[in-house]
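According to Swiss-Prot, the features are:
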DISULFID  Cys1-Cys16  disulfide bond
DISULFID  Cys8-Cys19  disulfide bond
DISULFID  Cys15-Cys26  disulfide bond
MOD_RES   Pro4  4-hydroxyproline
MOD_RES   Pro7  4-hydroxyproline
Amino acid sequence: CKSPGTPCSRGMRDCCTSCLLYSNKCRRY
């Protein structure tokens, strides 16, 4: 999975945690 802070797109499930919609980056926790 992608590390925290990595740019992500809405609807993607590639983050280790989840994607922040307002910043389009993976959450830290």
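Just so you know, the numbers here start at 1 and follow the chain as drawn.
Here the Cβ of each residue, glycine as well, is placed from N, Cα and C on the backbone.
Structure with Swiss-Prot features highlighted.
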residue : record           : Cβ contacts under 8 Å, 6 or more apart
Cys1    : disulfide bond   : Asp14, Cys15, Cys16
Pro4    : 4-hydroxyproline : Cys15, Cys16, Thr17, Lys25, Cys26, Arg27, Arg28, Tyr29
Pro7    : 4-hydroxyproline : Asn24, Lys25
Cys8    : disulfide bond   : Lys2, Asp14, Cys15, Cys19, Leu20, Asn24, Lys25, Cys26
I want to verify one value. Collapsing DSSP to three states, which class is Cys8 (disulfide bond)?
coil
Look at the disulfide-bonded residues Cys16, Cys26 and tell me which residue has the greatest number of other C-beta atoms within 10 angstroms of its C-beta.
Cys26
Can you tell me the three-state DSSP label for Cys1 (disulfide bond)?
coil
Among all the protein chains here, how many other CB atoms are within 10 A of the CB of Cys15 (disulfide bond)?
18
